[in-house]
Amino acid sequence: MSGHLMGVYNRAPLEVDRGRGARLWATDGTEYLDCVQGISTNGLGHAHPVLIEAVKEQAEKLWHVSNIFKIPGQEELADRLTESSFADVVFFTNSGTEAVECALKTARKYHAANGQPERIDIYGFDGAFHGRTYGAINAAANPSYTEGFGPKMQGFHQLKWGDHEALKAAIAEPNCAAIIVEPVQGEGGCRAMPDVCLRGLRELCDQHGVLIIFDEVQCGMGRSGKLWAHEWAGMAPDIMAVAKALGGGFPIGACLATTEAAKGMTVGAHGSTFGGNPLAMAVGLAAFNAINSDAILGNVNEIAGYLKQQLHGLKERFPDVIEDVRGKGLLIGLKLVPNNREFMGWARDEQHLLIAGGGDNCVRMLPPLNLTLDEAREAIEKLERTCESARSKAKAAA
Ligand SMILES: *Cc1c(COP(=O)(O)O)cnc(C)c1O
């Protein structure tokens, strides 16, 4: 292996070769059941034929121009996104963190456009993950991502998840610009904000002219069982960051907003070289049309229902291994008793099941949205055997 990569990743000892649907093969030929899927990015699994076709067709036509020209695919995907959401306008990016960056800038610029440029305070929550740009790490304020990177950026504050009084006080602050939150936390341990809290947040923010930014980079695009996770609560944000499954594995992000919230984003206010390029838009459109369908969303709800029931069963039988089952739809978190990193390793090496880690000693299951019932059964069997293995290891160590 080359020693020339920046050492920022703790990589699993698995060299990947190819994938198909929920299966991933290593270069040594080992087959895995992939319930990570690029951390909830491959919404349609690996190598979906519709996406392959879209890439091939567009690759022969046009890859990249620049946003100084009109890009029909961009307008079409923006139409699809706004038809199916609260939003009126879209800015395309290449990643989740850039979508978050655009959301943060849009919120501050809104208040500046309203003649209140001093209104810059943005409140995030503990356990949040918004990506790795300076804006995103400051908004999430996870010390392990901010330490050593210079002074904290001005105007970013953190709230404790579930502390309603602190949230109310923050929203009432005269310089509060926006609240940023994942309706269902991903990296932070799959905590879902209760619907009643999301509705309460909307009411309070409306009273004080504060904008709501949802980071649906991970929980959006069908993963929760609705296209957007906040739909379950029957409310909507002003601005939303989307990415991951938006491109079905191709790097695309988007910042969605209402016309009102985006009023400060006028000519010259923001931009991107690669954002919204024709190749990305072609794949994005194909992925969006496939995912925004009764077939996929119905499947998410059916499979999620099965998995949830089975996982609760496992929790009952293995209280010494599984402490809690969390999440929404196919964004599933298991809070564990044994170390989550070790458990992931056992699942991978002994059962050839790939699962992701998460905060709060969780592991995450993020299977493709088109996972079949047979594959879901297989995942449960593999998890059950991993729980047995974890139990016998704990006994041997005692
Ligand atoms: C992955 C993720 C991001 C960052 O996306 P990148 O494409 O890695 O920049 C932001 N927010 C959430 C909720 C995520 O899960």
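Placed from the backbone N, Cα and C atoms, the Cβ positions cover glycine too.
Predicted automatically and left uncurated, TrEMBL annotations should be read as such.
Long-range Cβ neighbours of Asp215 (pyridoxal 5'-phosphate binding site) (same chain, at least 6 residues apart, Cβ-Cβ under 8 Å): Gly96, Val100, Ala103, Ala128, His130, Ile180, Val181, Glu182, Met240, Ala241. Sequence annotations record features per position, and here TrEMBL assigns pyridoxal 5'-phosphate binding site to Gly96, Thr97, Phe129, Asp215, Glu216, Val217, Gln218, Thr273.
DSSP assigns Arg132 (N(2)-acetyl-L-ornithine binding site) to coil in the three-state reduction, placing it in neither a helix nor a strand. When Cβ atoms from all protein chains are considered, those within 10 Å of Arg132 (N(2)-acetyl-L-ornithine binding site) total 16, not counting its own. Summarising the annotation, TrEMBL assigns N(2)-acetyl-L-ornithine binding site to Arg132, Ser272.
Summarising the annotation, TrEMBL assigns N6-(pyridoxal phosphate)lysine to Lys244. In this structure, Lys244 (N6-(pyridoxal phosphate)lysine) is part of a helix by DSSP.
Of all residue pairs in the pyridoxal 5'-phosphate-binding list (Gly96, Thr97, Phe129, Asp215, Glu216, Val217, Gln218, Thr273), the one with the greatest Cα separation is 25 Å apart. Comparing Thr97 (pyridoxal 5'-phosphate binding site) with Arg132 (N(2)-acetyl-L-ornithine binding site), their Cα atoms are 6 Å apart once rounded. Here the binding-site residues are Thr97, Gln218, Ser272, Thr273, and the one with the most other Cβ atoms within 10 Å of its Cβ is Gln218.
A helical conformation is recorded for Gly96 (pyridoxal 5'-phosphate binding site) in the three-state DSSP classification. Ligand 1 lies under 6 Å from the Cβ of Val217, out of the binding-site residues Glu216, Val217, Ser272, Thr273. When the recorded positions Arg132, Lys244, Ser272 are screened for a Cα within 10 A of the Cα of Val217 (pyridoxal 5'-phosphate binding site), the ones that qualify are Lys244. On a Cα basis, Lys244 (N6-(pyridoxal phosphate)lysine) lies 9 Å away from Glu216 (pyridoxal 5'-phosphate binding site).
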